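Q: Could you have a look at this structure, given as structure tokens, before my questions?
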Amino acid sequence: MSVESDRPLRDPVPARRPAAGGRRPGPGAGGRAGAAARRKRRGEFGTAALFASPAVIGLTLFTLFPIAMSLVISFFDWPGFGERSVVGFANYADLLAGDHFHRVVLNTLLFTVLYLPLNIVVSLGLAVWIATMGRGRQTLRVLFFIPVITPIVANVLVWRMIYQPNGAIDGLFGVFGATAPNFLGDENWAMLALVAMSVWQGFGYNMLIFSAAIDNIPATLNEAAGLDGAGPWARFRHITVPMISPAMFFASTMTLITTFQVFAQPYLLTGGGPGVATETLVLFIYRQGFSSYALGAASAAGWILFILIFLVTAVQFAVQRKWVNYDV
Amino acid sequence: MSDQRAELPRATRAGEPPRRGGRRVRHAVSAALLWTVALIFLLPLVYTVATSLKPAGEVFGSPPTLWGSELRWRNYAEAMNYLPFERFILNGLLVAGVGTAVVLVSSSLAAYAFARLRWRGRDSVFLTFLVTLMIPQEVLVVPMFILMLQFGWVDSYQALILPWAFTAFGAFLLRQFFLTVPRELDDAATIDGAGRFRIFWSVMLPLARPSIAVLAVFTFITYWNSFLWPLIITTSVETKGTVPLGLSLFFSQQGSQWNLVMAASVVSMVPTVALVLLLRRHLVSGIATAGLGGR
């Protein structure tokens, strides 16, 4: 694949070179500035087209076009098979009026509200803690990162064993003659169980981002603060946090975006249940689109998801000026 | 980068208050605690491996046991035989391998055009690339599915590979790196008679090797682990399924045989864990460039 793709590029370029050389009196004579100025004037559209076209064509076909198409579909009653008809905003109106969809949006928001702070606290706490270690810190970082890269399906399956009645936790309770709550089947527990599993599997990524940022804090800052008698908490509060605030902003923004898209955990752990207690937006979209084949409604729900993500991200960008420090 | 890292432990030590008797003890306690936390954190993965080696009757019980009465390696053979897991693994390697190659070729070429060539419309095209990064995959799955129907690609390898091989992330990441390369290098190569492609191939790409490696590993892992799209687009799982899909199918058919399900899970984890262990020295700096490139 890779060989095939770069062959068309390889040929035109050498073919172009004599022409380019001919137009140029020689690099020495014109000088660098002259060549650059000429390049600027004429542009390098042909060369650029060769370099950029695979990505541009691919992105147009597989991203831009589907985006436009998705918008169009969302205004249709678009069954998997059979007649399609324009329905205007009816898909959106139906979704926004429906109790089921309200619950799904609430579930997604609840998941996010629980997951995001926990993720940030755990990943930041561990990143700071690991940074105080001398030997072994690289190993520790890799260990906490592992569930991020193991297939989520595999991660979810082992947590099912841990959560389910007669599972590992229930077995531990049994030692004391007690019975564990039915984590996946009890309305009060199911969402918490999803969040706990997701934090376990996901926080390692942010921990690495924070670790990289902490590694870049100049040691002299901490030295000076230490000489001035600042304790660990004061140094964390007044040096570490401001210094890594751009990383914290980045991590919380990216995590928020991906949190809204949670799918595999509810799909495989609870099936969205009990009832619809853990059905998230993406699970809803999946079911609308590929179980009910209501492709119009699924597209509309996708756009509502995008608007939600966009709004929350915009708010985050708006408030970042208050706490993110770029002066370093 | 490596200098900096080597320096840090020393610097941190110097930053702490003057030596007192309890300090070393406190540090040792903290280290012991941290390693305990790490071990507890890893328990689910250890539990996965341990369960994969248990006899079927010993999977659950109270008190729960980690290891069974014997190490039943046969579980792996039985799990692999029940579904065509070799097939899933080969499919996964093919999809992730080819997908990664396409991503690397298309994004490095585009990155060069964005970072080094002057052409009309460059900045607006680049901006368009960036905007698409905000669109969640879920907005795209429905139209993508319809597009695949139109192409007649449902249940095909190209449908698993191509739709996600042209995301803007790689081009953006590598562009940011190319911009840090001093222009003098290009100019020197131009004076030596190198054309644009030659500069790209022999000057830029070798310099960008660490960024490319990080991009390659994370692209591969993303393809390997991908679940939602294969679930949608693959109808004959037995022939075109990737590993997570096979695992999910296995679970829905053999959900009660947890030891076999866990054996299959362990197999699914091996390639990605191996890749990350290989990359471990560059993990933090790689995440720093790949992750924070966007800020």
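Placed from the backbone N, Cα and C atoms, the Cβ positions cover glycine too.
Reproduced below are the annotations present in TrEMBL:
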type     : residues  : note
COMPBIAS : B:1-10    : compositional bias 'Basic and acidic residues'
DOMAIN   : B:89-279  : domain 'ABC transmembrane type-1'
REGION   : B:1-22    : region 'Disordered'
TRANSMEM : B:28-50   : transmembrane segment
TRANSMEM : B:88-114  : transmembrane segment
TRANSMEM : B:126-151 : transmembrane segment
TRANSMEM : B:157-178 : transmembrane segment
TRANSMEM : B:199-224 : transmembrane segment
TRANSMEM : B:258-279 : transmembrane segment
Q: Let me spell it out: take the transmembrane segment (B:126-151), skip the flanking residues so only those 6+ beyond its ends count, and list any with a Cβ under 8 Å from a Cβ in it.
A: 110, 114, 159, 163-164, 167-169, 171-172, 175, 228-229, 232-233, 294
Q: What else in the chain is close to the transmembrane segment (B:157-178), if you only count residues 6 or more beyond its ends and a Cβ gap under 8 Å?
A: 91, 94-95, 98-99, 102-104, 106-108, 110-112, 114-116, 126, 129-130, 132-133, 137, 140, 144, 147-148, 151, 204, 208, 211-212, 215, 219, 222-223, 226, 229-230, 233-234, 240, 242, 289-290, 293-294
Q: So which residues does the transmembrane segment (B:199-224) touch in its own chain, when a touch means Cβ under 8 Å and the partner is 6 or more beyond its ends?
A: 92, 95-97, 99-100, 103-104, 107-109, 112, 116, 161, 164, 170, 173-174, 177-178, 181, 185-186, 189-190, 242-243, 271-272, 275-276, 279, 282, 285-287, 289-290
